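Participant: Could you have a look at this structure, given as structure tokens, before my questions?
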Amino acid sequence: MAREPLARDLCIFLCIFILLIAHQCTCFYLPGVAPEDFWKGDLLRVKVNKLTSTKTQLPYSYYSLPYCRPKRIFDSAENLGEVLRGDRIENSPYVFKMREPQLCNVVCRLILDEKTAQEFKEMIDDEYRVNMILDNLPLVVPIRRLDQESSMVYLHGFLVGLKGQYSGIKEDKYFIHNHLAFVVKYHIDPESQLSRIVGFEVKPFSVKHEYEGKWNENIRLTTCDPHAKKLVTSSESPQEVEDKKEILFTYDVEFEASDVKWAYRWDTYLLMADDQIHWFSIVNSLMIVLFLSGMVAMIMLRTLYRDISKYNQLETQEEAQEETGWKLVHGDVFRPPSNSDLLCVYVGTGVQFFGMILVTMMFAALGFLSPSNRGGLMTAMLLLWVFMGVFAGYTSGRLYKMFKRTEWRKISFRTAFMFPASAFAVFFVLNALIWGQRSSGAVPFQTMFALLLLWFGISFPLVFVGGFVGFNKNPAIEDPVKTNKIARQIPEQAWYMNHVAAILIGGILPFGAVFIELFFILTSIWLHQFYYLFGFLFIVFVILIITCAEITIVLCYFQLCSEDYNWWWRSYLTSGSSALYLFLYSVFYFFTKLEITKPISGILYFGYMLLLSYAFFVLTGTIGFYACFWFTRLIYSSVKID
């Protein structure tokens, strides 16, 4: 029976190895949509997305500000992931014609009142950025790096405005970006003369437009005149945001031919970070972890081989009575733990997480969940979580039967309910706070109902199906040695073998395997950047599995050698304690990397990071538990027990 987990683990690692070799430890991506070809003069419709800020983490709809509106506003089709991310994609009055430049087009005229002026000022204070989309490409602002003349950095979206001072005046003034100089890059097919869009950039300006006479829609501006070829090239005379101020929103469109092919157009967005630092950090982390893992594996193999050989050579009764070390507790090592029901629930939920993450990463490494497919990653993770419920039920039911328990329906219900209920409760409270701020990030009632339907309509039944199959599968998992009727007294332990100390020590190595990659993941989430190195993330996940398993096995071995047989929960908590370090790192990241000042935004950050840490605890704890479970069954089935 002990060979079953080993064979399964070997199959998993073989699949991972083949996948990594096939993709050379990197990943490619498949674009989110099929390419669209345009003739010269075809209409190009710009869509607007949410307003975002790294200071508040509260997205708002584009039309929550009094920007220019089309005659009729309609939402684009959104998937579940886009809604949960707060995306609100709508049409806009910005319409271009393919390969036909436009100069100083007036979109609309706005007279500010006290309320609208204050709304713009608040958005400028919080550094909100305007996001637009053209042919599924997000709008970026190119900025030349000071240290490298030929290198460009691309920022997502443009700022609503800026805060500054006039020369000689100390009072801060607010200026709005009301003129947009768009650049649409296209790749043309020399045979068909059809064009494909491969870039969408903008340079925002703040311009106080002037004109002669009274305003009408056909009036010519003196600050920006296409007939005189007078263009806006700077913000020397900026447009101030104050009550009763008149604002004219204008834009230019320039079309630029590019050698970049459509299949590679996302490289501009995905290759923003300094790859050399990223690669060096990841490789350095992997080398350290692999070295430690090799040392641990070598020590364990040599020590266990000596112990098993010594125990199997005991011939006399007197020698057998003088047993020491881990063999001495063979009659208690498989005694069911306290709260065994709860352990079954946590292990089943951990298997559900493991399956979801494994399949998600495989699809992401294959390119099906690239950032170009907005919301695809989150949608895939939710659906996989739901369908992996069958494995959660199977695992908890089979483990539950091993503990000689009979109420499989109760354990299936708790497995299907406990983690999702706690996560949904926290999510509901956080969502209520977002609703209070009137943010577009608040999940609508229809979406909440859809989430509940996925949970109760699909996940719940699947967990019960898995629980029924797991509980009724024969034969049940049998212990390799018999358990004594009377529990053995555990001797007093050294301070470093204390439960708390050993558990806290055990979480350091797994966290050390992922904390560098964790920095990039947190940056992509909270600083609104794309994350695309799924090949590296897959490697880090494999390293996390190895380190969780090995550190748990080592500490479990030391625990059994000190005649402490309560390893069930301790093995789970040993590797699961890495979640505590993850949460502490998130606190460090909050105070060192983020500029969040509003209490609501801080509550949102720590609420979501608490959920992430809880999920990480369940995942890593399950990995450690199964490693120790396999290890104890292996060693006690390898020695002669009289």
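Note that Cβ sites are derived from N, Cα and C of the backbone, with glycine treated the same way.
Note that the structure is predicted; figures quoted are calculated from it, not measured.
What TrEMBL records for this protein is below:
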type	residues	note
SIGNAL	1-27	signal peptide
TRANSMEM	279-301	transmembrane segment
TRANSMEM	343-369	transmembrane segment
TRANSMEM	375-395	transmembrane segment
TRANSMEM	416-436	transmembrane segment
TRANSMEM	448-471	transmembrane segment
TRANSMEM	500-527	transmembrane segment
TRANSMEM	533-560	transmembrane segment
TRANSMEM	572-591	transmembrane segment
TRANSMEM	603-631	transmembrane segment
Participant: Is the transmembrane segment (500-527) in contact with the transmembrane segment (343-369), using at least 3 Cβ pairs under 8 Å (sequence separation of 6 or more) as the test?
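Facilitator: Result for the transmembrane segment (343-369) with the transmembrane segment (500-527) is no.
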Participant: Counting Cβ pairs under 8 Å that sit 6 or more residues apart, are there three or more between the transmembrane segment (448-471) and the transmembrane segment (375-395)?
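Facilitator: In this chain the transmembrane segment (448-471) contacts the transmembrane segment (375-395) - 3 or more Cβ pairs sit under 8 Å.
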Participant: Tell me if the transmembrane segment (603-631) touches the transmembrane segment (533-560). I count contact as 3 or more CB pairs below 8 A, with pairs 6 or more residues apart.
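Facilitator: Yes; at least 3 Cβ pairs under 8 Å.
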Participant: Check the transmembrane segment (572-591) against each of 375-395, 416-436, 500-527, 603-631 and return whichever range has the most CB pairs under 8 Å.
Facilitator: 603-631
Participant: Is the transmembrane segment (416-436) in contact with the transmembrane segment (603-631), using at least 3 Cβ pairs under 8 Å (sequence separation of 6 or more) as the test?
Facilitator: yes
Participant: So what's near the transmembrane segment (375-395) in sequence-distant terms, Cβ-Cβ under 8 Å and 6+ beyond its ends?
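Facilitator: For the transmembrane segment (375-395), the nonlocal Cβ contacts are 32, 78-85, 87, 344, 347-349, 351-353, 355-356, 359-360, 363-364, 368-369, 412, 415-416, 451, 454-455, 458-460, 462-470.
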